[in-house]
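Feature annotation from Swiss-Prot assigns transmembrane segment to 52-72, 85-105, 124-144; the stated evidence is sequence analysis. Taken from Swiss-Prot, the feature active site covers ASP111, ASP129.
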Amino acid sequence: MLYYMIALLIIAADQLTKWLVVKNMELGQSIPIIDQVFYITSHRNTGAAWGILAGQMWFFYLITTAVIIGIVYYIQRYTKGQRLLGVALGLMLGGAIGNFIDRAVRQEVVDFIHVIIVNYNYPIFNIADSSLCVGVMLLFIQMLLDSGKKKKEQ
């Protein structure tokens, strides 16, 4: 249940922040938070990361539905006693559903977190994207830990 609560929290935060951006900012408008480093910028994306597969909504609906079903299956089957795995999957589930809602309702994803890292203008993203990335990183860490345990047992 905890892992679904994590997903729900991510979905709520993601949708609330996107709603605030859509209601209070013009498309393309940028608000500096830390000048030359961090901005809130109203942006839309009809594709995936870096705009790849722009406009291929049917593809995103199909893939995201399969991913959501897979994550729920893994949560139900493999997270007992595996807290890190459960948190990773909860974050991934929340992120996947957050962007799925945008695609289903708006036919585009609302992005707004704009970061510049040492003169590199990083692609604008949102809370769902961040949640997916952190979830994948935690999943990778879990896999490394599991691999280390198996080697120790041999």
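Please read every residue number as a count from 1 along the shown chain.
Cβ coordinates come from backbone N, Cα and C, glycine included.
Counting every protein chain shown, 21 other Cβ atoms lie within 10 Å of the Cβ of ASP129 (active site). Taken residue by residue with DSSP, ASP111 (active site) is part of a strand.
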